[in-house]
Amino acid sequence: MATYHLKCFWGLWLAFSLYFIHSTSTSHVYIVYLGINQFHDPILTSKFHLQVLSDVFASEEDAKRCILYSYRNSFSGFSAKLNSSQATTLAKMENVVSVFRSKILKLHTTRSWDFLGLPLYDSEVTPLQLTYGHDVVVGIFDTGIWPESESFQEKPGMGPIPSSWKGVCVKGEKFEPAKACNRKLIGARYYLKGFEQAFGPLNTSGNPEYRSARDFLGHGTHTASTAAGSIVKSAGFFGIGEGIARGGAPWARVAVYKICWGKNRVGRCTEADILAAFDDALHDGVHVISASFGATPPLSPFFASSADIGSFHAMQLGITAVFSAGNDGPDPSLVQNVAPWSICVAASTIDRSFPTEIVLDSNFSIMGESIISKEIKGKLANAVTYFVNGVCNLGNWKQKLATGKIVLCFYIPGLVFEMAQEAVKTANGLGLIFAEPLTKPIAEVEDTIPTVHVDISQGTIIGNYLAESPKLPLVRIAPSKTIIGKSPAPTVVYFSSRGPSSISPDILKPDITAPGINILAAWPCQTPPTLRPGDNRSVKWNFQSGTSMSCPHVSGVVALVKSVHPDWSPAAIRSAIMTSAYTRDTSHDSILAGGSVAGSSPFDIGAGHINPLRAIDPGLIYDMKTSDYILFLCNMGYTQERIKRMVLPSPGVDTSCEHVVKTNANVNYPSISISNLQSTMTIKRTLRNVGWKKNAIYFGTTKEPDGVAVVIWPRVLIFSPLKQDISYYVTLKPLKKSQGRYDFGEIVWSDGFHYVRSPLVVLVNTAADSTVRSTI
């Protein structure tokens, strides 16, 4: 590795001398994106990449030594070690769309399918999950896979691998393709060059990992089984959450692309590796890509992001890319993965809870939430005894041992329960009762120390009882139970990242919400459920939470929809999922926004909660053509020349940008978002009838945002076999003086059976200054 760096250094130094580039010798991995592949030949494309790169090096040999990947199958570009001056020089070249640093992204870390209306055996007809999905390939971009899991074994009746599949299973450490892959798991690749450039050679001894597609962190195994795992009976976690496990599309095929690696047991993913995976996956023949990673805002421009570049080319090939929204909620504008050509998924709860009884002195009990498999008995103690001011973190520890004590700790801003767990464990405590705001208590897998979550009012009752007791009360924590159907659901989880989009507010993100809390799915049996070195438990199933878990739920539904409607575009599939979503919980109240005690808005849930059965038959769809994306890119300031380099040539496609600036609210998106309504404006939408009845009449209704008059015309859409696409217009007029405030409404089209709903998001800005438009 030292020789490698030395050669790269001398290549850079000579390039500076030859081209009079003055800068430091510090180099980083950059991605040079060139748009569509002009050569349609991988070998010629790679030679062209080397030729371009050689322009900033002294020789072709130096350029070869510093290149990581040549993206040559599905689009054109490369990643290489460059300094900032070389990157700037490349960015000015005529054929280059963008040049950007390869950033480090992070992971967004089954009763859920019954809750979504896809039971296996309660229906008299053949369940949807057993009928469809056979020839759909779901690509999982994650930490790899544990191939021995029952979730990835082929089942009787599974047909041969689709003839369109071009992918492979790559041999690696403890991963033998002949044993690991089958008719279910049909592809496995891994990408390590970007990670090793960022963090050094992969350490597989002190830092458990596998130099192969095999998964150690568990995240990839979990998401893959959630999206498309086979049907497995008797799944559970030490008797908790027992039932039948399966993915959303249990008959779909799985292809894994390991792009995230463990660094100190935390997943890290580099953009250079991610783009290499996209390049292969699109060529391999996946139909769906499920990717649960991202970066906290500020967001990069769309074509300075590997995820956005890869998903843009996926969209052009008819491949749907599904991303997680991120775990940075509940503050607004922190949603990630906001490109209009992909699906962005928020996280919400299901109607399963894990009540855990806390009994004090056998006098009374309080019900908390936890995932604890064994009874715990000890004495209740106040945090102030062991921690300065009762704040449970290591910095406040008084060096007093809490042996045999179950410590009551309270949340304060900046203190998360993991910090309290670590502090109480260090003090040798027996257990932790963690009191936190009403919307935060979420059961977690028993981690460093058994923990029961209660809300602040419950914690206050426990604290008052402790204060009034003449001696430390005895406390008994019972094993957790599994209760279904007793708690209103869904509720948006407090950590789920919220809109509006910080880079394109006229496109509503997230698009949809799906289950993401305490999802039980497959797990590597040699990886402890908490990932901690001291945890010696071996499990085949594990609970995980995050938008990482909600994302594969939607990916599984996309696979089902794609199987039923193989000719639908990614935009059509997204529309079907969004317009069929629901916005009421199981108690028929509005979906609660976690992190508050109020109802949710489209910035929390997008169009609503996913409804797979309705998505299969949405009635109408908002499809998007290449021209819609060109309009979007023009409005975002991309020049005609750059757009032409990125868009696949097609008859009738005009990549020119008109001089008149239009709002992106006119893009034919299933939701309507207007971030700057200063005066009356009219926007257009086009609907296509995809219902079984070609003759159909739909009636439109509106729910107006506060302070906005909304008129749709026409109010009746009459479809016939000769007229399956109909446009309508929405005129919005501000009725109030306002600034910086969003209001929400909706537009619904119905034929009496289908309800095609679009959220309407409007910011009345009658006192705002005009915005500045830049050219990218």
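Cβ atoms are placed via backbone N, Cα and C, with glycine included.
Taken verbatim from TrEMBL:
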| type | residues | note |
| --- | --- | --- |
| SIGNAL | 1-26 | signal peptide |
| DOMAIN | 29-108 | domain 'Inhibitor I9' |
| DOMAIN | 133-583 | domain 'Peptidase S8/S53' |
| ACT_SITE | Asp142 | active site, charge relay system |
| ACT_SITE | His219 | active site, charge relay system |
| ACT_SITE | Ser548 | active site, charge relay system |
| DOMAIN | 666-762 | domain 'Subtilisin-like protease fibronectin type-III' |
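Listed in sequence order, the residues of the same chain lying 6 or more apart from Asp142 (active site, charge relay system) and placing their CB within less than 8 Å of its CB are Leu107, Asp215, His219, Gly220, Thr223, Ala224, Val256, Tyr257, Lys258, Ile259, Cys260, Ser290, Ala291, Ser292, Phe293. As a whole-number mean, the pLDDT of the domain 'Peptidase S8/S53' (133-583) in this prediction is 93.
The helix, strand and coil residue counts that DSSP assigns across the domain 'Inhibitor I9' (29-108) are 28 helix, 27 strand, 25 coil.
Under DSSP, residues within the domain 'Subtilisin-like protease fibronectin type-III' (666-762) fall into helix, strand and coil as 1 helix, 62 strand, 34 coil. When the active-site residues His219, Ser548 are scored by other C-beta atoms within 10 Å, Ser548 scores highest.
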